[in-house]
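J.: Please find one structure pasted underneath; my questions will follow.
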């Protein structure tokens, strides 16, 4: 049975993520990390979901039962776990979060001792241990060999200092009014402190988590409220994070949501202007707009494509010796400062770009026009191989004939089919999207 999806393990808490399942997974992961153990410490953080307590306690029980010492740091962004795992010399880091999913879901993400997400072969190795009944039951420790657990509440300061170091030292935010939407999630403490300490005039919304309101009509998936607040307070910028703050959505001074591909383009060129790029390559996923590639080419930069998921962006960046890349969804990686997508690092870089451009954000963050794209997430009941659907191949051939770029795939974390179309003719695009929607509703719903 495959346990890992595109971003760790994710599912409904109490259904897939039961205490027994989580304990078994924790033991399997712990045994895998033991093979390369240097410090016998594992770091655990979480977002603000109510079920995080259950998952955390199950993981602590599992890891201490096989001799690991566990450090619990409470609600923190996913990129903070990646950073602190390496900074605190831990064998591994674990983030308990289902990212942008509703509060009923939860998930578990693993990081190696260097703060990188696990590769697929590492996940497969953990899955093999998970299914090895004899190995699991022979691994419990007794007496003094049982591990310990301690909670540390002040590590947030380390991450805040790290974030501030990512911001250019010759700048401050005193001239900017910024609205932050922390999605009632993991960034609710960190984000306001960072921006306030750098001098910004800060308004914070959705910063009162109650365990059940994470991502609820707020944050990166629902930026309309942020857009309204930016216009209401005449702010210079608005930043919306998702539940674990590895994703960022930007709103300009006019209340417009800045497209992720425009953000990738303008940030890439900004990094180049500072001689901050380690290569001429910038990494984006196959979902990126063709206009991004053309814009980067005009700036003597090359776009490298990879599979969807910030883990694959990171791997492709390492392969191409690149230090900047991301997804149009808002997972953007500045690997000089973060091994995974970090919404806060990205927000600070966007702020610096706007300051140094000496333009309002609606101008500074609008460097090129995009080709028309349409993206829908279709709720489905089943996930048969797409190639097995009668008429599917003919549909793709027709799209190719009409020069409509297409990307159709199942979500790795939810029962959804993602359909992306791109074409120069917007009316044709809308017509074909409706046709595809009806086709898949008839076969999968």
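Using N, Cα and C of the backbone, Cβ positions are placed for all residues, glycine too.
Quick paste from Swiss-Prot:
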- 99: phosphoserine (MOD_RES)
- 99, 242, 244, 246: Mg(2+) binding site (BINDING)
- 99: active site, phosphoserine intermediate (ACT_SITE)
J.: Measure from the CA atom of residue 99 (phosphoserine) to the CA atom of residue 242 (Mg(2+) binding site) and give the result in Å, rounded to a whole number.
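T.: Between the Cα atoms of residue 242 (Mg(2+) binding site) and residue 99 (phosphoserine), the distance comes to 7 Å.
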J.: List, in sequence order, the residues of the same chain other than 99, 242, 244, 246 whose Cβ lies within 8 Å of the centroid of the Cβ atoms of the recorded Mg(2+) site.
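T.: Here the non-site neighbours turn out to be 47, 77, 78, 97, 100, 185, 186, 220, 241, 243, 245, 247, 341, 343.
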J.: When you measure from the Cβ of residue 242 (Mg(2+) binding site), how many other Cβ atoms are you left with inside 10 Å?
T.: 34
J.: So which one is it: of the recorded positions 99, 244, 246, which has the fewest other Cβ atoms within 10 Å?
T.: 99
J.: Express the distance between the Cα positions of residue 246 (Mg(2+) binding site) and the residue listed as 'phosphoserine' as a whole number of Å.
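T.: A Cα-Cα distance of 8 Å.
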J.: Can you grab the distance from residue 99 (phosphoserine) over to residue 244 (Mg(2+) binding site)? Cα atoms, rounded to a whole Å.
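T.: Given the Cα positions, residue 99 (phosphoserine) is 5 Å from residue 244 (Mg(2+) binding site).
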